[in-house]
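Scroll down for the structure; my scribbles are underneath it.
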Amino acid sequence: LLVVGVAIGVVTFVNKGGGAGGDKTLNSHQKAVESLCASATDKGSCAKTLDPVKSDDPSKLIKAFMLATKDAVTKSTNFTASTEEGMGKNMNATSKAVLDYCKRVLMYALEDLETIVEEMGEDLQQSGSKMDQLKQWLTGVFNYQTDCIDDIEESELRKVMGEGIRHSKILSSNAIDIFHALTTAMSQMNVKVDDMKKGNLGETPAPDRDLLEDLDQKGLPKWHSDKDRKLMAQAGRPGAPADEGIGEGGGGGGKIKPTHVVAKDGSGQFKTISEAVKACPEKNPGRCIIYIKAGVYKEQVTIPKKVNNVFMFGDGATQTIITFDRSVGLSPGTTTSLSGTVQVESEGFMAKWIGFQNTAGPLGNQAVAFRVNGDRAVIFNCRFDGYQDTLYVNNGRQFYRNIVVSGTVDFINGKSATVIQNSLILCRKGSPGQTNHVTADGKQKGKAVKIGIVLHNCRIMADKELEADRLTVKSYLGRPWKPFATTAVIGTEIGDLIQPTGWNEWQGEKFHLTATYVEFNNRGPGANPAARVPWAKMAKSAAEVERFTVANWLTPANWIQEANVTVQLGL
C-alpha cells in the first residue's frame, strides 16, 4: 500500500491498482472529517458543515466546504441587503454608504469563492501548484467581510451586521485554516498534491526551492511577463536611473506606447483619469496602460475589481498628482474605505511616477490617499501624502519601492502582505496633542495567514513642519490594530522622533500581547533597543527575520519586478 495524504491527518490508502482500501463506512467519514477539521479555529462548525457529506475523500470534503462557505457568504450578502431595506428612511447617509460598501465587498468575496471552486475542479489532486494562490484568494474572502465591519462606526449597526455575517466569517476562517494545513504539509513533505496521487514523493530539495520556484534565473517572477517588465522599465525619464531620488524626479512616457493618454489641457484622449479607467477592458489578459501627463487632477479614482492589469504612469511624483479631500470626519456619507483618493479593487495594478494625495487635513480623521484591495500590486517611484490612514494596504500582496509616504495616525495600515523597500517615511504634524503611529497592521488570524507590513531599508524621519517639534510630539513605529498585528522593521534608519519604547498599545485593547513586532539591524538614534517595549522582539540574527524578506513574504510569485530598479530578494 502507498500512503497518500498530508500531515493534517487526512490519509487515504491506495493500492498499486489505484483502488481504495479499507471500509467505506460512516466511521471512515467521521475520521476524515475529524482529521480535516483538526486545524480549524472553530472545529465544531467545521464538523457540522461537513457532516452531511457522506464521503471520506479529502477532495470532495474540501470542495463541499468551499461550496458551503459560498452559500454562507451569499446569505450574508442577502442579509446586508435586507438590513438596508429594513432601515428605510431612518438610515443616514453614512449608514447607507457603509451598507452599500458591504454589499460590494461581499460580492467580491463571492466572485473569489466562485474562482476558487472553479480552479479546484473536481479533484483537489490536480490543484497542487495552485494551493498558495487559492489560499491567497481565501484570505481575501475573509478580509472583505472584515472590511465591512471595520467601516461601520455606528455601534448598533456594527453589532447587527457583525452577528448577521458571523457564520460566513467563521466558515471563511475555517477554510483558510484547512488550506494552510494542506500547504504547510506539502511544504514539509516537499511534495505537491498532484504528485502524491502518482507516488512521486521526490527528493529533498534545498530549503528555499519552494519559496523561489516561481523565479527565473535573474530572480524575477515567471508570472510577470517580459512585456510587463519592459513596460515598467520604459515608463520613466529616458536615460535616468530608476532609483533617481525617492519618489521624486522625472517620469514621462519614455519609449512606452500607452493605451490611453490623460491630459488636463486636452492634448490626450481624456481629460480625467476616471474616463481613461472606464475605457479599460474587463478581465483583460494584457495591460491597460494609462499615461497621465503632468498636472494636478482633483478627482476620486476607482479601478473596479473586474478591470484588472491596469498600469498607470506619470511625469513624476511631484508633477503628476491625483488629489482629493474626502474624509470620515468632514465628508457626510464617507467611510475609511470610501475616502480613498485612488481605490484599487482589481488584481495586477502597477503605478510609477505619480503622486497621490488626500488633502482633508488632520481634522478629517480617516482620509486615505491610496487604497489597494487587489492582489499583486506593484508601486515604484510614487509619493503618498495625507494625515490619518494615508496608505491603506488593505488586501492581497503588495510591493512598494522608492516611495515617499507621509502622515500622522496609522498612516500605513491594512490587512495585506506588504513590503515597502528603500523608501522615505515621513511623520507629519497633526492636531494639537495628536500622537503619530507609522503603522497599524490589521491581521485578525494567527499563523494561518501571511499578513503584515515589512519596512526594509527605509528611512523614518520628521517632515519639515514637524522637525522643530519632533521631540515633543510623540511618534511611534506602530500599534496593533487587530489581535495578530504583524510588523517588521529591518535595515532601516530611524530618526530621533521615534519614542524610545518604539511601539504603542491600541487604546483599550490588549492586542499587543498577541501581536508580532520585530526589529533587526536598524540604525539611527531612534533604533536604540534599550528602552523598547518588552513585547517587541529585537532579532539578533538574520535567520530570525528571513521570513520577512521579499522572496519569502510575497510568495508564491514573489513579485520582483525588473523595472530598472535593484530589488532585494533577501536581507
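A Cβ is built for glycine as well, from the same backbone N, Cα and C atoms used for every other residue.
Note that the structure is a prediction, hence the values are computed from the model and not measured.
Database features (Swiss-Prot):
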BINDING   T336, Q366, R479, W481  substrate binding site
REGION    27-178  region 'Pectinesterase inhibitor'
REGION    259-558  region 'Pectinesterase'
SITE      Q388  site 'Transition state stabilizer'
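Positions of the features from Swiss-Prot, shown on the structure.
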residue : record                             : DSSP (3 states)
T336    : substrate binding site             : coil
Q366    : substrate binding site             : strand
Q388    : site 'Transition state stabilizer' : strand
R479    : substrate binding site             : coil
Round to a whole number and give the Cα-to-Cα distance in Å for the pair W481 (substrate binding site) and Q388 (site 'Transition state stabilizer').
14
In whole Å, how far is Q388 (site 'Transition state stabilizer') from R479 (substrate binding site) when you measure between their Cα atoms?
14
In the structure shown, which of the recorded positions Q366, Q388 has the fewest other Cβ atoms within 10 Å?
Q366
Neighbourhood of T336 (substrate binding site) by C-beta distance under 8 A, where only residues 6 or more apart in the same chain count:
D150, D151, V328, Q366, V368, D389, Y392
Looking at the region 'Pectinesterase' (259-558) alone, can you tell me the average pLDDT?
96
